[in-house]
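So the structure is just underneath, and the comments pick up after that.
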Amino acid sequence: MDERLWEWDFEVAEAIACEERRQSRTIELIASENFTSPAVLAAVGSVLTNKYAEGYPGRRYYGGCECVDRVEELAIQRAKQLFGAPHVNVQPHSGAQANMAAYFAVLQPGDRILGMSLQHGGHLTHGAKVNLSGRWFEVAFYGVDPETERIDYDAVWHIAREIRPKLIISGASAYPRVIDFARLREIADDVGAILMADIAHIAGLVAVGLHPSPIGVAQLVTTTTHKTLRGSRGGMIMCDAEFAEAVDKAVFPGTQGGPLMHVIAGKAVALGEALRPTFRTYIERVLENARVLAETLQAEGFRLVSGGTDNHLLLVDLRSHGLSGRKAERVLDEVGITVNKNTIPNDPKPPTQASGIRLGTPAMTTRGFGPDEMRLTARWIADVLRAPDDESVKARVRAEVAELVSRFPVPGVTIEARTGVDDGTV
């Protein structure tokens, strides 16, 4: 944080400092979160936030865009190089905005879509009733096999043949296994549907070849630019050349006005970082840490949905321990371990309570955690969840967590912020 903010707006500075301390003093296991580099933070905090740039490079509705054109072109070219995509739009403000624009590019209100059920690991924007996607379109859902808890591709095929959707959506927010995009494209082709892949969670894995890529398989690919990509918070659409014009028009002027050029600069920086060999090493460590976390929790007696993980996240089923996800989230937060409650397939509890928690390794891998730290973390989670009301257990774990994280700084956070005076807010 710019120290001058303390003079300009003490209340906001205090809130930001509080968050700096919280991030520094906790083990961050929310699967959708990560820590950006100081370079990304610098780009997002730059003077580019002052510039309006409606339109696209070379075709703006405002003057003075020659510099921001360079930034957007860099982001586009780096994304194309990283993913091998024919066309890229880097303007969506978020993953949800990217999905809405992708729908807007190829669908009309009332068209039929087929997406993964939110209760089985899908995402709100894949047709959930509470989302615009569930109000604009006629929606059907597929899910996981009740025994294996993996996507049942034969069932997807049968549903698709029955309802004949115009669009099939692949991708998930809480699915710990590899997604077979090629099989889904076969299903889409069989029923005359377009295939869209939402790779928001696995984009970093896809970028380095550690998860099968949907590029060249799905006609439309959407993603966020944070999560496993470690960039600024935003969205991106990649597509076949035949959909390029429709996608660009769907983003602007279809669903957005001016792009956030400072955020696009952050995307460009992160995409450049992802092109370096060190990024593949990082993703390899993310996957190794997830496997170790999963194996240790299983050894401690916890059941994992689908029996493990192939990617950066895992789902822990808490039913046999008599805990709701909500309580597990709360008691772990009390000891400095941040997770989120999450429904599991066929969950008997409502989403506000949930029967599981979702864990992910991208953030702490960025801070330098390796297998040894993940084993410790898993054992602490087990200790707390086996005795959620035992204050002595929580006090011990809280102290051990604090000592461990003090050795693994958050990128871009100063020593003073990490060890500053405790005001009781964290």
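Cβ atoms here come from the backbone N, Cα and C positions, even for glycine.
For reference, Swiss-Prot has these:
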- LEU118, GLY122, HIS123, LEU124: (6S)-5,6,7,8-tetrahydrofolate binding site (BINDING)
- HIS226: site 'Plays an important role in substrate specificity' (SITE)
- LYS227: N6-(pyridoxal phosphate)lysine (MOD_RES)
- 342-368: region 'Disordered' (REGION)
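On the structure: features taken from Swiss-Prot.
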| residue | record | DSSP (3 states) |
| --- | --- | --- |
| LEU118 | (6S)-5,6,7,8-tetrahydrofolate binding site | helix |
| HIS123 | (6S)-5,6,7,8-tetrahydrofolate binding site | coil |
| HIS226 | site 'Plays an important role in substrate specificity' | coil |
DSSP puts the residues of the region 'Disordered' (342-368) at 5 helix, 6 strand, 16 coil
Using Cβ-Cβ distances, find the residues under 8 Å from GLY122 ((6S)-5,6,7,8-tetrahydrofolate binding site) that belong to the same chain and are at least 6 apart in sequence, listing them in sequence order.
GLY115, MET116, ALA128, PHE141, ILE169, GLY171, ALA172, SER173, TYR175
Taking the centre of the Cβ atoms of LEU118, GLY122, HIS123, LEU124 as the (6S)-5,6,7,8-tetrahydrofolate site, the remaining residues of that chain with Cβ inside 8 Å are GLY115, MET116, SER117, GLY121, THR125, HIS126, GLY127, ALA128, ASN131, ALA172, SER173
LEU124 ((6S)-5,6,7,8-tetrahydrofolate binding site) to HIS226 (site 'Plays an important role in substrate specificity'), Cα to Cα, whole Å, comes out at 18
Sparsest-packed among the binding-site residues, when each Cβ's other Cβ atoms within 10 Å are tallied, from LEU118, LEU124
LEU124
Sorted by position, what residues of the same chain at least six away from HIS226 (site 'Plays an important role in substrate specificity') have a C-beta under 8 A from it?
SER32, GLU33, ASN34, THR36, SER232, ARG233, GLY234
Write out the long-range same-chain contacts of the residue listed as 'N6-(pyridoxal phosphate)lysine', meaning residues 6 or more apart in sequence whose Cβ is under 8 Å from its Cβ.
ALA31, SER32, GLU33, ASN34, ALA200, HIS201, ALA203, GLY204, PRO362
